[in-house]
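Per Swiss-Prot, the features are:
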- 1-22: region 'Disordered' (REGION)
- 1-25: region 'N-terminal hypervariable region (HVR)' (REGION)
- 57-305: domain 'GB1/RHD3-type G' (DOMAIN)
- Arg70, Lys71, Gly72, Lys73, Ser74, Phe75, Arg109, Arg213, Asp214, Val272, Ser275: GDP binding site (BINDING)
- Asp142: Mg(2+) binding site (BINDING)
- 343-434: region '3HB (three-helix bundle) domain' (REGION)
- Lys391: N6-acetyllysine (MOD_RES)
- 446-466: transmembrane segment (TRANSMEM)
- 468-488: transmembrane segment (TRANSMEM)
Amino acid sequence: MLSPQRTAAVASRGAGDAMENGKPGPVQVVLVHKEQHSFELEERALASVLLQDHIRDLDVVVVSVAGAFRKGKSFILDFMLRYLYSQKEGGHSDWLGDPEEPLTGFSWRGGSDPETTGIQIWSEVFTVKKPCGKKVAVVLMDTQGAFDSQSTVKDCATIFALSTMTSSVQIYNLSQNIQEDDLQQLQLFTEYGRLAMDEIFQKPFQTLMFLIRDWSFPYEYNYGLQGGMAFLDKRLHVKEHQHEEIQNVRNHIHSCFSDVTCFLLPHPGLQVATSPNFDGKLKDIASEFKEQLQALIPYVLNPSKLMEKEINGSKVTCRGLLEYFKAYIKIYQGEDLPHPKSMLQATAEANNLAAAASAKDIYYNNMEEICGGEKPYLSPDILEEKHLEFKQLALDHFKKIKKMGGKDFSFRYQQELEEEIKELYENFCKHNGSKNVFSTFRTPAVLFTGIAALYIASGFTGFIGLEVVAQLFNCMVGLLLIALLTWGYIRYSGQYRELGGAIDSGAAYVLEQASSHIGNSTQAAVRDAVVGRPPADKKSQ
């Protein structure tokens, strides 16, 4: 029997294989090692989804479903998939599909044991055009069920916190009612947001929807959103005679989320609950449940209702979401739950990293336009001028983006950005220099010049009777000739590259020493025309 870790790993590889075969499927992005109670980010899998060319720079909408295990989270997400695929194909009112069609998508099944472990996202990111004409990327996220027999409170809190921190809509999946312990668990899971808010002066999370399953009191509050909101107002209402602890729980929820809603769903029917052979066919689901599904899913995913993920007032792109995942997972990989400040620190770090990555792209793309790829050789002076221009453009872009942590915190990332730009510039200079025909023949020219000079010196010293010196010059001529032939073989065959590099370095050193004895004007001409090296960075002088 597979261990939980092995099962999750197999699921992750299976999703990866599905993507390679062109078939969408769930992708494991946060792996739970239950025996060690630790978490691991599957960065490569997450990047393969979020960094696809057509969506990487789109603002992202993340819809997550979280809650206790075996309460039908994946079941609901699969109906969301049906709706999104229906919209992708043009949209029609009967998006629920054929009554005989089994429900597929995120893995789910009946029974008492949990099916999902860690955090999964759907491999296909849906692009949706909002009524205003803006395109957004929609990501569906499934989470491990809370409070199973193998999960600690820390495990549950970590998964819920991660999904809430990275989603724009968190659906809190509950059974039958909103109990007081449900609210207390929610308070525990979102405590980081409440404390971080004291410093950033705004609500850290966006939309929370209580999704009440198997609602049994439609005679008090009708199914759907309207009845749900009336029920929620009553359950979260703060009264003077309530105990302070109960008041704090309710105030905390309102202080953490910008918007809180509730939807009441009826029971899907006995066939769904009791049959071991139920495979999600609509014909086996109660009509009341299907009717409410047709109200719930469009309410969450209708283009006019979609809410982009925001952090610190700035919208997050798919590429930025990857950075936030990487930053957040670090603070949960220790032994203890992080101090609430850690979330603020990690958020600020990811925020600055995303801004730096965007600024770096601006510099790189502009430099590629003038000297990248098949572009012709560019004068080093012009290259440096463009470098300084685009560097300033990138820095201005970085400074303009709203970032958490303050100026002092962001300054470190600005310095790192400048270092990365400097490295890019050096690489562009090398690439540009390789296009200079004089630079290509620098080493053989130096060797040939040395051979000719030593040959003349050998003849002259032999003529005046200095035979020993003449023989020494002849030996040096032979060595240089061997070096020239060796260099030619290395360039032709591609072998012994280290030796070829040593010969190039030696030739460059000789040329540099020779150039140092020539006047400034001659020196500049030699370096620009023969060596093809960029002038020294004016800022470093």
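A Cβ is built for glycine as well, from the same backbone N, Cα and C atoms used for every other residue.
Overlay of Swiss-Prot feature records on the structure.
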residue : record              : Cβ within 10 Å
Gly72   : GDP binding site    : 22
Ser74   : GDP binding site    : 22
Asp142  : Mg(2+) binding site : 27
Asp214  : GDP binding site    : 17
Lys391  : N6-acetyllysine     : 22
Give the nonlocal contacts of the transmembrane segment (468-488) in its own chain as ranges (CB under 8 Å, at least six residues past its ends). 443-444, 447-448, 450-451, 454-455, 457-459, 461-462, 496, 499-500, 503-504
Roughly how many angstrom lie between the C-alpha atoms of Asp214 (GDP binding site) and Asp142 (Mg(2+) binding site)? 20
How many Å separate the Cα atoms of the residue listed as 'N6-acetyllysine' and Gly72 (GDP binding site)? 51
Quick one: average pLDDT across the region 'N-terminal hypervariable region (HVR)' (1-25), no decimals. 48
What is the number of residues in the region '3HB (three-helix bundle) domain' (343-434) that are helix, strand and coil, as DSSP sees it? 79 helix, 0 strand, 13 coil
Which whole-number value in Å describes the distance between the Cα atoms of Gly72 (GDP binding site) and Asp142 (Mg(2+) binding site)? 11
Measuring Cα to Cα, how many angstrom lie between Asp142 (Mg(2+) binding site) and Ser74 (GDP binding site)? 6
Simplified to three states, DSSP reports Gly72 (GDP binding site) as coil
